[in-house]
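Encoded as structure tokens, here's the structure I'll be asking about.
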Amino acid sequence: MSVRSGLKKVLQKSPNDIVILTALRTPIGRAYKGALKDTYPEELLAHVLSATKSRLENEFKLDFKTDLESNQKPLIEDIAVGTVLMELGGAKSGRLAALHAGFPYQTTFKTVNRQCSSSLQAITDIAGSIATGAISCGIAAGTESMTKNYGTRAIPADLSPRLRESPIKEARDCIMPMGLTSEAVASTYNITRDRQDAFALASHSKAQKALEEGRFKDEIVPIEVDFYPLDKESAQPSKESIKKFIKDDEGIRSTLTLDKLTSLKPAFKSDGTSTAGNSSQISDGASAITLMRREQAEGLGLKPLGRFVGSSVVGVPPNIMGVGPAFSTPVLLNRFGLSVKDIDIFELNEAFASQALMTIDHLQLDEKKVNPKGGAIAIGHPLGATGGRLVASLIHELRRTNKEIGVVTLCCGTGFGKSSLFVAE
């Protein structure tokens, strides 16, 4: 397929398209100290699902009532939620959250764990169910409280001693700390500390500018939570809670300077280049994307925000897992007959500046097209929710700028990259 014919085909509408009706997220809170530190991941999920339901009812005038006697299908037939750290995989607490948010019990539920791309995988799964005719409408969500569930640093506490010492290097590398994989990427691909710090500063600068211009308002649903202040001397939470209202991402630092970034010590090895300043933030948050077959949406008179086109996933060596997007993105674009020049915006997850820069270098991306509202270094990275956050940021920014085609891509712990293609409407 030629690039021109590929572009034309991607932009062509079809009754079978998987369209996006809503793309929402909570503000992203700083783990351990932020406003969401005392909020459970299922509470974050319930909030964004409730906001999604309200949006569908109030703006699209959709009816969620289900006639049980006639075996009528619920409007939202399935909910898939990406989460990496939740207890029991979030299967029970997540279903509880969906029912608490007002969805009928006929709306089925599952959780998905594909590491940092979990909510992007949830989108892929719901889209696949729509494409095969299993359902007509579903929600792909994601949630994470790294405050509550990051105690083991995402490394199994109870692991087979025999497999831990596997003779296969790639197997042993699956439990390599993420920071060391960043250092491996930096050294293998010669990504200097100076470049990483400059990239981190740019992430904060872009995010701050977007915040000041109100460019996050269409994607963020504010939340009021119970917050237990930390005692200044003991650092222990108080016994009495206060109400906190959060409407903006907490990690964006408006006063950050390059001097401050360069003064930080390496976080993962003494002679390393990855620091707390040029790595993604540990965060709390949730996201939700509503997907529907275009034929049904048009029948209901609904105007979509955009559409999901397709996804790719590619395995890479676990010890340099951050390079995943550099290899999954070409597979995605080649599949649809596109080149990087056809893409208006890339939402590239900034797990670490090292791996983001490696991807930009490898794909020869125009940096002006990458993360125009900043990325995870500034905004934060609540693991299971980030894929949906990237999609929400992408779709609303494409629409705001009257552009059409975007790619969301993430690296994933244990070694792979996932990329997905979207078109705004």
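Note that the numbers count up from 1, one per residue, in the order the chain is shown.
The backbone N, Cα and C atoms fix where each Cβ goes, and this holds for glycine too.
Remember, TrEMBL labels are computer predictions, not curated facts.
Note that the structure is a prediction, hence the values are computed from the model and not measured.
According to TrEMBL:
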| type | residues | note |
| --- | --- | --- |
| ACT_SITE | Cys116 | active site, acyl-thioester intermediate |
| ACT_SITE | His381 | active site, proton acceptor |
| ACT_SITE | Cys411 | active site, proton acceptor |
| DOMAIN | 18-294 | domain 'Thiolase N-terminal' |
| DOMAIN | 302-422 | domain 'Thiolase C-terminal' |
Do any residues at least six apart in sequence from Cys411 (active site, proton acceptor), in the same chain, have a Cβ closer than 8 Å to its Cβ, and if so which, in order?
Cys116, Met321, Gly322, Val323, Gly324, Pro325, Asn349, Ala351, Gln355, Gly417
Does DSSP put Cys411 (active site, proton acceptor) in a helix, in a strand, or in coil?
strand
Sequence gap of 6 or more, Cβ distance under 8 Å: name the residues on the same chain that satisfy this around His381 (active site, proton acceptor), in order along the sequence.
Cys116, Ser280, Gln281, Ile282, Ser283, Asn349, Glu350, Ala351
Take the Cβ of the residue listed as 'active site, acyl-thioester intermediate' and count every other Cβ within 10 Å, whichever protein chain it belongs to.
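Its Cβ has 31 other Cβ atoms within 10 Å.
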On the 0 to 100 scale, where does the mean pLDDT of the domain 'Thiolase N-terminal' (18-294) fall?
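Within the domain 'Thiolase N-terminal' (18-294), the model's average pLDDT equals 96.
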For the domain 'Thiolase C-terminal' (302-422), what are the DSSP-based totals of helix, strand and coil residues?
57 helix, 31 strand, 33 coil
